[in-house]
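Participant: Please see the structure below; I have some questions.
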Amino acid sequence: MPIKKICCIGAGYVGGPTSTVIALKCPDIQVWVTDLNAERIRMWNSKDLPIFEPGLGDIVNACRGRNLFFSTEVEKHVADADLIFISVNTPTKAYGVGKGKAPDMTSIESAARMIGRVAMGKKIVVEKSTVPVKAAESIKRILQAAENKNAQFEVLSNPEFLAEGSAVQNLFHPDRVLIGADQTTDGCCAARLLAEIYEAWVPASVILTVNTWSSELAKLYANAMLAQRISSVNAASELCEVTGADVSEVAKAVGMDSRIGSKFLEASIGFGGSCFQKDILSLVYLYEHYGLQNGAEYWRQIIVMNEYQRSRFCRIIVSAMFNTVARKQITIFGFAFKQNTGDTRESSSITVGRYLLEEGARVNIYDPEVLEHVIISDLTTDSTLQETDQGLGMNSLEVKLRDRVTVCHNAYKAAAGSHAIVICTEWDLFKALDYEEIYTSMQKPAFIFDGKMLLNHAALKAIGFEVHCIGKRIQN
Ligand SMILES: NC(=O)C1=CN([C@@H]2O[C@H](COP(=O)(O)OP(=O)(O)OC[C@H]3O[C@@H](n4cnc5c(N)ncnc54)[C@H](O)[C@@H]3O)[C@@H](O)[C@H]2O)C=CC1
Ligand SMILES: O=C(O)[C@H]1O[C@H](OP(=O)(O)OP(=O)(O)OC[C@H]2O[C@@H](n3ccc(=O)[nH]c3=O)[C@H](O)[C@@H]2O)[C@H](O)[C@@H](O)[C@@H]1O
């Protein structure tokens, strides 16, 4: 029986776009995207979608109300769907055993328990969230333990590889679609039904069916290896700065080797986003769980390098500005963790912003997509800032921090009167700004710290800026 109705649990950065593209490409399938978060569902049903993703709005408009629906009635749509995607969040655990390392599986477990309770008939349950190996086994056990005589379950793994900011393109043209299934007749049959959905637009040659554990692990390793490339090039950046090499040139030369490839070799202030760090920590936790300390240490170093790169960049800023930024105005261009998204999870901008606030600076932020309240909350909900604030003679932490953070809606207004600009996100629009005008409006010497190797440094120097960047020594 072909799939007629899909219910996706979790209307986030993965559930929303993935379900929307399936609805577009499979007009005969009804796709219900469900979430407990009523505000999120309200926004999916409005013209202001809860996430910014290029191209997504048009597809939602084309499908919503036709065969794409957003609802808070999770149980109702789980009950009669043929196929259920579990696309809930799996953040790093913030409490208890495995705190700061293991993925928090609370949402996965509660979704599985609910499916076990309310499902009717044959169900294919697809683990779309990123999970540790053997999670499908746990889901299966939870479903069986429900003793629901009205339902039969097959559990598949189908990890998602989309990147934010290019989600629609990635979903339209995936490098591969990975399906992990039990190597049984029922498992293979369920995998075939899922593959048939993707075959509506993805060539069969890139749909890969493997065993469930390989699928779960492949997702973690894909992210770990992408992050590893960034940490490798960032490790090279420091050596370039002291030796006079240019990390962009080194990366270009290295990446032209077809065995290495040119992508993901851009030096930066470090990778952000909700997944790289979380998934590497999850991998490290797995190694430790199995007593494999060497492997754990090997992968942990990618995060160590990332944190080092961020703090190194912050120190470069303070050191260049005569070893103090207290009471200086610094403008951060970009708050999202990468361009073309409004997502700030684990964004390097947060680290930089907090560091500058701790050093006593006033911080202006300009980002074309991130909402003001998100920026304020990301920057002011850190208890470690308290001590420094008292040092500056301030009495109310939150009020004082807010006093020193200004969210601007225009790059020129943000930069006016500032001592420095810090580029934290690779938004293309920052390249097109009139830096002569900006220079004129700034305090002198006017500094630019390019954390993303985004701008034309020679042109900025010619205007009069003192320029510092990652991976290249600039004579100022
Ligand atoms: N963000 C990304 O680009 C990618 C994320 N992933 C993985 O996909 C998973 C989801 O990530 P995001 O979409 O970014 O998370 P998200 O936080 O944007 O969305 C998750 C949604 O699930 C909802 N939810 C949680 N428990 C629920 C329940 N029991 N019933 C109904 N709704 C529930 C939450 O309210 C939230 O709206 C994670 O495991 C992540 O690692 C994988 C590839 C890319
Ligand atoms: O599991 C996930 O969540 C996803 O994680 C990443 O996607 P994402 O985090 O959305 O974005 P990336 O394009 O990978 O960028 C991550 C971070 O690395 C930084 N980056 C990227 C590339 C590079 O060369 N240098 C670099 O510093 C970006 O600026 C950004 O902060 C992976 O690319 C996706 O394949 C994966 O599905």
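Every residue, even glycine, has its Cβ placed from backbone N, Cα and C.
Caution: TrEMBL annotation is automatic and unverified by curators.
So TrEMBL lists the following for this protein:
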type: BINDING; residues: 10-15, D35, R40, 88-92, 129-130, E164, 275-278, R345; note: NAD(+) binding site
type: ACT_SITE; residues: C275; note: active site, nucleophile
type: DOMAIN; residues: 331-457; note: domain 'UDP-glucose/GDP-mannose dehydrogenase C-terminal'
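In the displayed structure, how are the listed features positioned relative to their neighbours?
Facilitator: With a 10 A radius on its CB, Q277 (NAD(+) binding site) counts 21 other CB atoms from all the protein chains. DSSP assigns Q277 (NAD(+) binding site) to a helix in the three-state reduction.
Contacts of C275 (active site, nucleophile) defined by a Cβ separation under 8 A and a same-chain sequence distance of 6+ are given as T130, N223, in order along the sequence.
Across the domain 'UDP-glucose/GDP-mannose dehydrogenase C-terminal' (331-457), mean pLDDT in this model comes to 90.
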Participant: Measure from the Cβ of T92 (NAD(+) binding site) and count the other Cβ atoms within 10 Å, all protein chains considered.
Facilitator: 19
Participant: When you measure from each Cβ to the nearest atom of ligand 1, which of the recorded positions T92, C275, Q277 fall under 6 angstroms?
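Facilitator: Passing the 6 Å Cβ check against ligand 1: C275.
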Participant: Would you count the other C-beta atoms found within 10 angstroms of the C-beta of G10 (NAD(+) binding site) for me?
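Facilitator: A count of 27.
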Participant: Does Y13 (NAD(+) binding site) have same-chain partners at least 6 apart in sequence with Cβ under 8 Å from its own Cβ, and which are they?
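Facilitator: Same-chain residues close to Y13 (NAD(+) binding site) (Cβ under 8 Å, separated by 6 or more) are I51, E53, E164, A167, S274, D343.
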